[in-house]
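Taken straight from TrEMBL:
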REGION    1-37  region 'Disordered'
COMPBIAS  14-30  compositional bias 'Pro residues'
REGION    161-189  region 'Disordered'
COMPBIAS  173-188  compositional bias 'Acidic residues'
REPEAT    288-322  repeat 'WD'
REPEAT    332-373  repeat 'WD'
REPEAT    418-450  repeat 'WD'
REPEAT    550-583  repeat 'WD'
Amino acid sequence: MDLLRQYQNDDVPDSPPQNPNSPDSSPPRLIPSRSAAPTVDDTMLALTVTSASSSSKPIDPTQHAVAFNPTYDQLWAPIVGPAHPYAKDGIAQGMRNHKLGFVEDAAIEPFLFDEQYNTFHKFGYAADPSASAFNNYVGDFDALHKNNAVSVYNIPKHEQKKRKIEVKSKQDNDEEEDANGDGGEEIDNPASEAWLLKNKKSPWAGKKEGLQGELTEEQKKYAEDYAKKKGEEKSGFGGDKAEVVNDKSTFHGKEERDYQGRSWIAAPKDAKASNDHCYIPKRLVHTWSGHTKGVSAIRFFPKHGHLILSAGMDTKVKIWDVFNSGKCMRTYMGHSKAVRDICFSNDGTKFLSAGYDKNIKYWDTETGQVISTFTTGKIPYVVKLNPDDDKQNVLLAGMSDKKIVQWDMNTGQITQEYDQHLGAVNTITFVDNNRRFVTSSDDKSLRVWEFGIPVVIKYISEPHMHSMPSISPHPNANWVAAQSLDNQILIYSTREKFQLNKKKRFAGHIVAGYACQVNFSPDGRFVMSGDGEGKCWFWDWKSCKVFRTLKCHEGVCIGCEWHPLEQSKVATCGWDGLIKYWD
């Protein structure tokens, strides 16, 4: 204890003993410990431990960098962990950083290598691949300065042109020398070698000079066939191809006239509307299946609806019985391609059909005869007769070349062209007591025209507008409903201003990309439309709310028509080739 006390007080000078409880006494100090072990530098020891742990740790094949220098055994070690018996791993899976290290591309791209390789063999110089940039060269420096360091792939255009001229002039000189050496008289003799050498030309030398000799019979026949083929292509609708499809019709009913002599298209006398109130259909009552491809449009017989006309993508137009047998009554065959649109005359005795074969045909409904055919060489997207009874000979067609063409069917002459649209014309809708008509187009605009005057009186085009492939007038004639391709139906006024009614907007269906037709019930209380999922949607006109949806078709429900007399009957058609009747 004396030694400890002495050790503790070695550095402290002698002082009188103090009372530990007195306020002037200092607190006891802690004595730092001293280690008798020698100081050892453990830096190398830490490195050794780290390297040992890293050497035993497997290499992750997905990592892009390794923090240490791995050994040969580590690189060749298999990927650690369970392997799927059928799944690929490592380089077979396309892993660039695999068990043998990180795989990198070569130092030079294949195209650059080929360019420098060919340049060196042609000019004697090339870019140094070991340099960081291609500004150091190896090889013949004289040739390098002479050619301005160009490669075989970037010879200037003026240099190429100069070389072509030099080569051509050299060939001409050689031919002249050869010809002169063989004798001047033989140059004019076509049977001599000198004449052949002088007048020979490459197949790529362009048109032959001089007069064309007499054609052989085989050449004449080939020229005639070629001119005929070109004429068909230029005419736009195939010439002979269109004539191959003869206009014909097949009657499928029992008899064309009944015992009283009435035609099969005559409306039943007792057909009349029971009341003016329409109802939404609930169930399927009949299905017409006769088209081998999709049905693009359907139209009820005007005023009575005892027959329904359908346009098929199988090039045929069919008319079906609605009231009695429910069978196909007649098939009209005259188009060589799919039928796009159909339109009845006011009395239903005649109708129009427009096909992708660029023809518009005017049919007699009863006999199936083609009265006349119209074409401009372009595809008609929509056909419409003037609704006035005294103008039933006036045909309007919206064409794929942005025009609305007006024919007088009595004379077969084009009487007017409405040419203001910037895209293919999709719809023609008469408004304002048939004095005006509204057209829509792929140019995402609406245009209003005075009938007979090719000047737009109202042009509607907004940045938010989409293309409108179908337009239908409201029964009260004050509104038109336009099917917009942004999955909504817009309502426009047919008064003087033709303004958009922002309060009425019908949405919920999916029609983007499909020209689904929109329609009204006869009393105007309901709006209906097909959609791309095969449903038929019904909205209430006043509240704009969805009233009911019916799953009608597999695929697209492209068309829907409300029966003109029976208030709860609706017909739909789709791309599944079926026409369905709902009650």
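Using N, Cα and C of the backbone, Cβ positions are placed for all residues, glycine too.
Heads up, TrEMBL stuff is auto-annotated, nobody curated it.
Remark: secondary structure over the repeat 'WD' (418-450) totals 0 helix, 19 strand, 14 coil, with classes taken from DSSP. Two recorded stretches are said to be in contact when at least 3 C-beta pairs lie under 8 angstroms, sequence spacing 6 or more; the repeat 'WD' (288-322) and the repeat 'WD' (550-583) meet this definition. Averaged across the repeat 'WD' (332-373), pLDDT for the predicted model comes to 91. Beyond the ends of the repeat 'WD' (418-450), by six or more residues, the same chain brings 379, 381-382, 384, 386-388, 391, 396, 398-406, 456-461, 465-473, 477, 480, 482, 492, 494, 498, 515 to within a C-beta distance below 8 angstroms of the stretch.
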